[in-house]
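Okay, structure first, notes after.
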Protein chains: 4
Amino acid sequence: MANTIGKLYTLTTFGESHGTALGGIIDGCPSNVKIDFDFIQSELDRRKPGQSKIVTQRKEADEVKFLSGIFEGITTGTSIGFIIENGNQKSNDYDHLKDTFRPSHADFTYDQKYGNRDYRGGGRTSARETVNWVVAGAIAKQIIPEIKINAFVSSVGEISINKAYQDLDFNLIESNPVRCPDLEKASEMEEYILKIKKEGDTVGGTVTCVIQNVPIGLGEPVFDKLHAQLGKAMLSINAVKGFEYGGGFCASKMKGSEHNDLFNEDGTTKTNLSGGIQGGISNGMDIYFRVAFKPVATLLQKQDVLTNDGKIIEQQGKGRHDPCVVPRAVPIVEALAAMVLVDFTLMDKACR
Amino acid sequence: MANTIGKLYTLTTFGESHGTALGGIIDGCPSNVKIDFDFIQSELDRRKPGQSKIVTQRKEADEVKFLSGIFEGITTGTSIGFIIENGNQKSNDYDHLKDTFRPSHADFTYDQKYGNRDYRGGGRTSARETVNWVVAGAIAKQIIPEIKINAFVSSVGEISINKAYQDLDFNLIESNPVRCPDLEKASEMEEYILKIKKEGDTVGGTVTCVIQNVPIGLGEPVFDKLHAQLGKAMLSINAVKGFEYGGGFCASKMKGSEHNDLFNEDGTTKTNLSGGIQGGISNGMDIYFRVAFKPVATLLQKQDVLTNDGKIIEQQGKGRHDPCVVPRAVPIVEALAAMVLVDFTLMDKACR
Amino acid sequence: MANTIGKLYTLTTFGESHGTALGGIIDGCPSNVKIDFDFIQSELDRRKPGQSKIVTQRKEADEVKFLSGIFEGITTGTSIGFIIENGNQKSNDYDHLKDTFRPSHADFTYDQKYGNRDYRGGGRTSARETVNWVVAGAIAKQIIPEIKINAFVSSVGEISINKAYQDLDFNLIESNPVRCPDLEKASEMEEYILKIKKEGDTVGGTVTCVIQNVPIGLGEPVFDKLHAQLGKAMLSINAVKGFEYGGGFCASKMKGSEHNDLFNEDGTTKTNLSGGIQGGISNGMDIYFRVAFKPVATLLQKQDVLTNDGKIIEQQGKGRHDPCVVPRAVPIVEALAAMVLVDFTLMDKACR
Amino acid sequence: MANTIGKLYTLTTFGESHGTALGGIIDGCPSNVKIDFDFIQSELDRRKPGQSKIVTQRKEADEVKFLSGIFEGITTGTSIGFIIENGNQKSNDYDHLKDTFRPSHADFTYDQKYGNRDYRGGGRTSARETVNWVVAGAIAKQIIPEIKINAFVSSVGEISINKAYQDLDFNLIESNPVRCPDLEKASEMEEYILKIKKEGDTVGGTVTCVIQNVPIGLGEPVFDKLHAQLGKAMLSINAVKGFEYGGGFCASKMKGSEHNDLFNEDGTTKTNLSGGIQGGISNGMDIYFRVAFKPVATLLQKQDVLTNDGKIIEQQGKGRHDPCVVPRAVPIVEALAAMVLVDFTLMDKACR
């Protein structure tokens, strides 16, 4: 079940970057959820390539086709099958990948593990897979509409928002192609990405996600802690190298007397370095976490690659690639967070 | 199955800090593994309280009793049941916790979720649970003896090792109570912890783990990526707030041309910012990751706590607590890493 | 995961009888299996309606379209997505089902459980779902070509084969529309089914399955016994009411001295009332089991049905239905058996 | 997870017949269930050897010791660990099994699969394992007290109850050592078992289970049908060879017009050949099923056995064995049924 996420609200997926279609099966969606198809499409559009100058110029329609589980616009409680057909497949762009392994890609490891791979555009290892997640996440959001999930770009390279999330206006996230609610930083980031793109290079960044209005009690003790499942989900996204929540890595430098979140009489806390989770279970305060993305490995520069027969040759990256993934990663982070939260919401109903 | 970790090599656990016993069931351990019981005990001793002046002075025997699955010293392939009896239980130390919720503890969230909890010493939320993990990890290490797993303390508060792990001598890890192989830093850290302890305060830190001699091909695509499972496992440890592997959060600041690991002709790479994993699958290079621990929440200082009936009162922490968890966390990190690696090793045998 | 079967070789499915398409995702198929697509289609044809006079006259193309996981005819080890589009949908035939519950159908229970259902042709409860299983089974058979799986009709109503399976020629199974290798009984059964069909009635039957050339050691102790998983799989087929293997229900009437299978010196047994499985693990002898199917609930006669608003009215079944399901059930039984065997084959590789 | 049953209410077990202890971990038990420990013990006593002349004369205390998850008599929602120590271990009785494989036992298959086994008393393959199930079942019954589960012996050898279960008084089940509510048949059975015992032989039988007051809607579509999970659970019991529910194998001989259960206006049905389940989901009518047990394989007669080095020798069974398992199987069947029902009850809460 290496292609499944979740326990009660599960998504199982398939699909290669240049195959006929990608798709998935959502199992465990409660019945009687009225589906807003336009919302799902709008979420897909946020992830879609070709939205702006700072992302890849590939054109993909990214239209999802639901095949089951929704009857007359309302979920039936049975499994929801869906596909996204691959339209604009410039497979020829990828012929040079057949016999070579690009540095810091999954080409080499997949080849070693499986001995057979669809090399076109990365095949199954392509981040195109995340289109499936956005579909399942968009449905998840509709199951728990009261919970508010906002992700945004908090850094690109060395350029970083210096404000607390409480001081940001989430309404500004979608106002710029970087998806950064600090507009000054946003334009710095945009400029920097364009510069990097011109160089044929790429750059990393971080996405911060804030989840508000979470009921107390989501999460399980010991091995299915809420933050452990969030972390696992985020670490499943292509190019992610790190995850921290609440105080995060900074907390490791602090004293207990500085880090502890003192209570108010109503059970809320005066500070929230816990990040809304204590002992793996939500405490009703805002959940927030940060996800680190490495720079995209495919460069539109010359680079040494390894050939099938153990030679190092120079190769120029081709195709249409993102100079920086974080703007398009924002809806993906939200989608996974929504899936995890629905999973725990259902679990919580079961166990109480 | 919120008390189970793993898919083919699974550990299911039970136990409260002040109950009769903790224990677990290891399922999926291959047959015909000769068990070195002394090694298991030595791993438990590394985690044990009371080892040195910088950890809690509780005395616990922490002797594991195997009840099944090992016949005449050799595993039979059936489930391995074990218990660790709770000896030195000063439950009275914890009476003050019955009606109060300590800040940044799981007291409040467990009470809200379950409505009934064993409050003594944190009950199920206590890090005493990790004794079970060390048992399962010590067996896991014996299943894959060729893989070398070394964790160590890489920072305490602001004091941090500045060397690459390649420049450290792992043989020095156990030479000092902090478990830091940089001896100069180790004594700085030790001194600092003692100072913090005297203040009745606590401090956080980080543990770095290096895994060597990993075969190529461990890990699954998409949702069971090797680093995602390692991350989830680490985020299950009490007090962990962050996880990063390879380039980690630093990678988010880099350009692709800096971050990419160029190949040698034999498939190894010249650099290893990937951290030994590409596309979720091991590439044969060293795996390394870093885990951030917040400071222990229990202070031996006066602090405001919340009462059951919604009052804020001042309370003085009692009992015997660690001023800094990272030295004792080292064997726990290794244990979980070993379990994850065995799980993927078995999975890999299944799927090829 | 109520729409998933298997642990390492898993099939997750979706689809309603009269939706756009059915389909599934096969996860855990090893890489480098060369796929014989004609064989898959021929298995689908065995299940297909309209094959003969004794089965439903619905015409369905039942062509499977693979969307991923197979590259240039060979599996890649990643998930295999597939769909079967619904062609000939006479949905109007089913309008009368919107507000009524047919006796001994799942209409009532689905409506009570989910509150929303695709009533057309039974929706998700339709045996049309089994088309997905035949696809996954046909691939499973190609993973373990050395294991021979033969199912056949062993009884229809009161007409029953009286020979041991060893005295039957499995090559005759496909020689007649009933799929009964005892040709005399086959023609009796055929005649009887046609008579029943003329009456607008239906009739039950049994399918026997024989699995040969199974390696010793498949199956897990305690809760994943080989026969328990076979039983669960068979009990998942629509209309199945019973499962027995080896001596089965007859064994309950026997003495130990009659039932025990004495060994030969090579570890084979002189008799095989165990049905090839001892303690849940295959012993290398033939595995055989029998599956009981009730008569199809939809009659082309007048029958009392329950309406949505709690009235009993008389209704005449419409649509095209099977007078007896067992002939078409034969490939379904084989498909599920193949999936279970692959699952245990992979598990066995993992744990030894 | 071959030693785990259940999905939300799970039991994971360990233990060999002659090891230190057996035991298990119950995960997913809701919090705030007040536990009646006397009831648990009384259930264990029903399964216990030595209760009467017709069962094995081994003496085992079978006292369960709870180690966690229950605080001051009430469940806390965390995992419940328990052990049952093995007292009266006449291991010497089993020395003759070290190098021989008994016919129709799991000795041979375990040895082939694992290469190492605890041969004493069958080790992990012993039905002593079921003591764990009775513990988890006794707790399950307390979670769903409104559902009434009654199992009883319906046949021993050729002696069979000829009445419908509706004509039996379940209060008489415990009135006789056979656990057969038809007292005339009960004494016939008892006499027959004693006769068989005197011969050093054994005999099979069937257990019928009736579950009443089940809410409508338990069970999942497609692969986790209520009867499929009940069947899998029953087929996990040692010596079980068959399972049928509702009309069962008889249904396969019937016509649809005879078998269909016509509705009453309130949604109940006039007949109940469906056995309380339609399309895998409970319909509110009584659930009933029948389980076939083969005769115990260990005879207290001389029998040919296979030796480790491939010889056939004559051996006399030793030890204390049941001449007929069905009387002691009654509480085991009930326990597993209770676990399955709790699992689906929790699942149902999650998905609606």
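Just so it is clear, glycine is given a Cβ too, placed from its N, Cα and C backbone atoms.
As recorded in TrEMBL, the features of this protein are as follows:
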BINDING   A:ARG47, A:LYS53  NADP(+) binding site
BINDING   A:ARG124, A:THR125, A:SER126, A:ASN238, A:ALA239, A:GLY279, A:LYS294, A:PRO295, A:VAL296, A:ALA297, A:THR298, A:ARG320  FMN binding site
For A:LYS294 (FMN binding site), list the number of other Cβ atoms lying within 10 Å of its Cβ atom.
-> 30
Against chain C, with Cβ pairs under 8 Å, which of the binding-site residues A:ARG47, A:ARG124, A:SER126, A:ALA239, A:LYS294, A:VAL296 show up? Give them in sequence order, please.
-> A:ARG124
Extent of the FMN binding site in Å [max Cα distance among A:ARG124, A:THR125, A:SER126, A:ASN238, A:ALA239, A:GLY279, A:LYS294, A:PRO295, A:VAL296, A:ALA297, A:THR298, A:ARG320] | 44
Neighbouring C-beta atoms (10 Å sphere around the C-beta of A:VAL296 (FMN binding site)) | 26
Quick tally, other C-beta within 10 angstroms, A:ARG47, A:LYS53, A:ARG124; top of the binding-site residues is A:ARG124
Give me the Cα-Cα distance between A:ARG124 (FMN binding site) and A:LYS53 (NADP(+) binding site), rounded to a whole Å.
-> 26
List, in sequence order, the same-chain residues at least six positions removed whose CB sits under 8 Å from that of A:SER126 (FMN binding site)?
-> A:GLU16, A:SER17, A:ASN238
Could you check the binding-site residues A:LYS53, A:ARG124, A:SER126, A:ALA239, A:LYS294 and tell me which sit with their Cβ under 8 Å of a chain B Cβ?
-> A:ARG124, A:LYS294
Just the number: how many Å between the Cα atoms of A:ARG47 (NADP(+) binding site) and A:THR298 (FMN binding site)?
-> 19
In terms of DSSP three-state secondary structure, what is the assignment for A:ARG47 (NADP(+) binding site)?
-> helix
Under 8 Å by Cβ from A:ALA239 (FMN binding site), same chain, sequence gap 6 or more | A:ALA127, A:GLY204, A:PHE293, A:LYS294, A:PRO295, A:VAL296, A:ALA297, A:VAL325
Between the C-alpha atoms of A:LYS53 (NADP(+) binding site) and A:THR298 (FMN binding site), the distance in angstrom, to the nearest integer, is 18
Determine the Cβ neighbour count for A:THR298 (FMN binding site): the number of other Cβ atoms within 10 Å of its Cβ.
-> 23
In terms of DSSP three-state secondary structure, what is the assignment for A:ARG124 (FMN binding site)?
-> helix
